[in-house]
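Novice: Relevant sequence annotations retrieved from TrEMBL are reproduced here:
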ACT_SITE  Cys137  active site, nucleophile
BINDING   Phe23, Leu24, Ala25, Glu26, Lys81, Phe126, Leu127, Lys128, Ala129, Ser130, Gly134, Lys200  substrate binding site
BINDING   Glu26, Lys140, Arg207  NAD(+) binding site
DOMAIN    193-309  domain 'UDP-glucose/GDP-mannose dehydrogenase C-terminal'
Amino acid sequence: MRTILEANSHDDIRFDILSNPEFLAEGTAINDLLYPDRVLIGGLQTPEGFKAQQALAEIYEQWVPKDKIITTNLWSSELSKLAANALLAQRISSINALSAICEATGADIDEVAYACGRDSRIGPKFLKASVGFGGSCFQKDILNLVYLSEQLNLPEVAAYWKQVVDLNEYQKKRFVSRIIKTLFNTITNKRIAVLGFAFKKDTGDTRESAAITLCKDFIQENARIYIYDPKVSEQQIFYDLSGPEVTYDIKDLKKRVTIVQSAYEASANADAIVVATEWDEFKELDFERIYKSMNKPAFIFDGRLILDAEKLKSIGFRVHTIGRANF
Ligand code: UGA
C-alpha cells in the first residue's frame, strides 16, 4: 500500500502510512473503545511520520488519557497486535494443558488458576480453562506469527507458537474422547444436547468456535445432536457443520442434527448434555426439570466450568467438568 500511495503522491497530496491496530473484543467492543488499556500508533521514524502519528494521537486524546497513547515504529505496532493475541491465547492453552493434569491427578483447575492468578506478576485474566479458544482472531494471528517466523528463518520460534494452536486442537479432541469414553465407549445413535454454539457468550459469532469441532466429531461418531444457542441462527449452524469431514448435503446433516429453541427442548430425552458456550442463561436453568426429562443415567459435560457440579450431582446427574477428575 505504501509503495502505491507514495508513487501517486505529488506536491498537493502526500500520504503517510500509520499502523493503528484495534484491541476490541466481541461483546465488549464499545467499552473497549471508550476505555482502552492503550492505543497503539505505529509510524515511520521520519519527521513526516511523527507528524502523522501526532495528528492521529490528537483525535484519540479527545477521550483517551495521553499516557495511554503509545507511539512506536511501524513494525513494532504491527507485531504488537499479533503478539498481544498470541500471548492471550498462550495463557488459555497453558491453563488448558494444566487442566489435563488436573483431570489425571485430582487437582481442580479453577483452584489452580485462582492460586496462580493471585500472583500480581501473572494476574487473574484469561486463565479460565475451557474446551478451547475460538474466534476469528487468535488462531489466525498465531498462524500469522508462525508464518512470519518461518519466513524469517526462525523455525524454533515458529514451532513454539504453533504449539499454542496444536494444544487448542488437542483440548477439543480430549474433551470429545472423554465424552465418548464416559458414554460407554460409543455415542452411536445416542442423543446429545449441545448447549451453545457461539465461540463465546454475548456474541452470535461462530468463527472457529470449539462447538463446531465437537459437533463434527459427534456426527462422525453417528450421534444425534440437538443444538441450542440463544444467538446463532439455524442457517449458520448448518453452514458451519457442512464440510468434507461430514457432508455437504444439508438433508443428510438434518438426519443427525436438529436445531431447537431452548435448552429444555435440547435436553428432553437426551443421554448427555454438553456445555460448549458459557452463556449466563445456562447457569439459571431448572436442572431438576431437565434431569426428569433425560434418559438415565443422565450425563452432563461442562466444557466451560460454569455449572454447580455438586448441586447437579445431588439431583442425580453424572457430572464431568474440564479440569476436574471423576475418580
Ligand atoms: C480477541 C482479543 O481479546 C481482543 O483484544 C482482540 O482485539 C480481538 O481478539 C481481535 O484481534 O480482534 P475476541 O476474539 O473477541 O477478542 O474474544 P476473547 O474474549 O479474546 O475470547 C477468545 C476465545 O478465548 C473465546 O473462545 C473465549 O471463550 C476463550 N477464552 C477466553 C477462554 O477459553 N478462557 C479465557 O480465560 C478467556
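First residue shown is number 1, and so on along the chain.
Glycine is no exception: its Cβ is also placed from the backbone N, Cα and C atoms.
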Novice: Taking only C-alpha atoms and a 10 A limit, tell me which of Leu127, Ala129, Arg207 are near the residue listed as 'active site, nucleophile'. These are the binding-site residues.
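Specialist: The binding-site residues close to the residue listed as 'active site, nucleophile' (Cα within 10 Å), listed in sequence order, are Arg207.
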Novice: Sorry to bug you, but what's the C-alpha spacing from Lys140 (NAD(+) binding site) to Phe23 (substrate binding site), rounded to the closest Å?
Specialist: 15
Novice: For Gly134 (substrate binding site), just count the other CB atoms lying within 10 A of its CB, please.
Specialist: 25
Novice: Ligand 1 is in the model; which of the binding-site residues Phe23, Lys81, Ala129 have a C-beta less than 6 angstroms from one of its atoms?
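Specialist: Once distances to ligand 1 are taken from each Cβ, Phe23 fall under 6 Å.
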Novice: Taking only the binding-site residues Glu26, Lys140, Arg207, which one has a CA atom nearest to the CA atom of Gly134 (substrate binding site)?
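Specialist: Spatially nearest to Gly134 (substrate binding site) by Cα position is Arg207.
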Novice: Between the Cα atoms of Glu26 (NAD(+) binding site) and Leu127 (substrate binding site), what distance do you get, rounded to the nearest Å?
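Specialist: It is 18 Å, counting Cα to Cα.
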Novice: When the domain 'UDP-glucose/GDP-mannose dehydrogenase C-terminal' (193-309) is classified with DSSP, how many of its residues are helical, how many are strand and how many are coil?
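Specialist: Counting residues by DSSP class gives 42 helix, 19 strand, 56 coil.
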Novice: Round to a whole number and give the Cα-to-Cα distance in Å for the pair Leu127 (substrate binding site) and Arg207 (NAD(+) binding site).
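Specialist: On Cα coordinates alone, these residues lie 21 Å apart.
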Novice: Select the closest residue to Arg207 (NAD(+) binding site) from the following binding-site residues, measuring between CA atoms: Ala25, Lys81, Ala129.
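Specialist: Nearest candidate: Ala25.
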Novice: What residue among the binding-site residues Ala25, Ala129 has the most other CB atoms lying within 10 A of its CB?
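Specialist: The residue with the most neighbouring Cβ atoms within 10 Å is Ala129.
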Novice: Using a Cβ-Cβ cut-off under 8 angstroms and a sequence gap of six or more, which residues of the chain neighbour Lys81 (substrate binding site)?
Specialist: Pro21, Phe23, Leu40, Asp141
Novice: I want to verify one value. Collapsing DSSP to three states, which class is Lys81 (substrate binding site)?
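Specialist: Note: Lys81 (substrate binding site) is helical by DSSP.
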Novice: Within 10 Å of the Cβ of Lys140 (NAD(+) binding site), how many other Cβ atoms can be counted across all chains shown?
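Specialist: There are 15 of them.
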Novice: If the NAD(+) site is taken as the center of the Cβ atoms of Glu26, Lys140, Arg207, which further residues of that chain fall within 8 Å of it by their Cβ?
Specialist: Gly134, Gly135, Ser136, Cys137, Phe138, Phe199, Asp205, Glu208
Novice: Let me know the model's mean pLDDT on the domain 'UDP-glucose/GDP-mannose dehydrogenase C-terminal' (193-309).
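Specialist: Looking only at the domain 'UDP-glucose/GDP-mannose dehydrogenase C-terminal' (193-309), pLDDT averages out to 97.
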